[in-house]
Amino acid sequence: MKRVLLLSSLCAALSFGLAVSGVAADGAALYKSCIGCHGADGSKAAMGSAKPVKGQGAEELYKKMKGYADGSYGGERKAMMTNAVKKYSDEELKALADYMSKL
């Protein structure tokens with residue numbers, strides 16, 4: 001009986017984990033943490049000098065965020081963006097880039 005209960009619990013836990021990981025990243029929800037610097041509609045020049053995200057394509061935005069994450073992109077003040085994007089998965093960065101490209 002204990003073995004059946006243990007096996008059932010394990011299966012339930014694995015099923016829950018698969019269901020959670022299968023949820024698509026929500027670019028709009030992720031963008032909420034970007035509004036302070038980039039503005040609600042993406043038209044704000046972050047730190048007074050960055051190109052607004054509004055009007056940029058998804059692929060361009062994705063490449064820039066990946067570059068910030070790995071240190072290959074950005075100017076003197078890239079530390080803030082590097083720290084901001086490092087926490088996101090590749091799927092989340094793509095969802096975020098897709099959302100921003102539609103602002």
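Keep in mind that glycine also has a Cβ here, set from the backbone N, Cα and C atoms.
If you look up Swiss-Prot, you'll see Cys34, Cys37, His38, Met81 marked as heme c binding site. Residues or ranges marked as signal peptide in Swiss-Prot (evidence: experimental evidence): 1-24.
Mapped onto this structure are the features recorded in Swiss-Prot.
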residue : record              : Cβ within 10 Å
Cys34   : heme c binding site : 20
Cys37   : heme c binding site : 15
His38   : heme c binding site : 20
Met81   : heme c binding site : 22
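Of the residues the record lists as binding heme c, namely Cys34, Cys37, His38, Met81, the two whose Cα atoms sit farthest apart are 11 Å from each other.
DSSP assigns Cys34 (heme c binding site) to coil, not to a helix or a strand.
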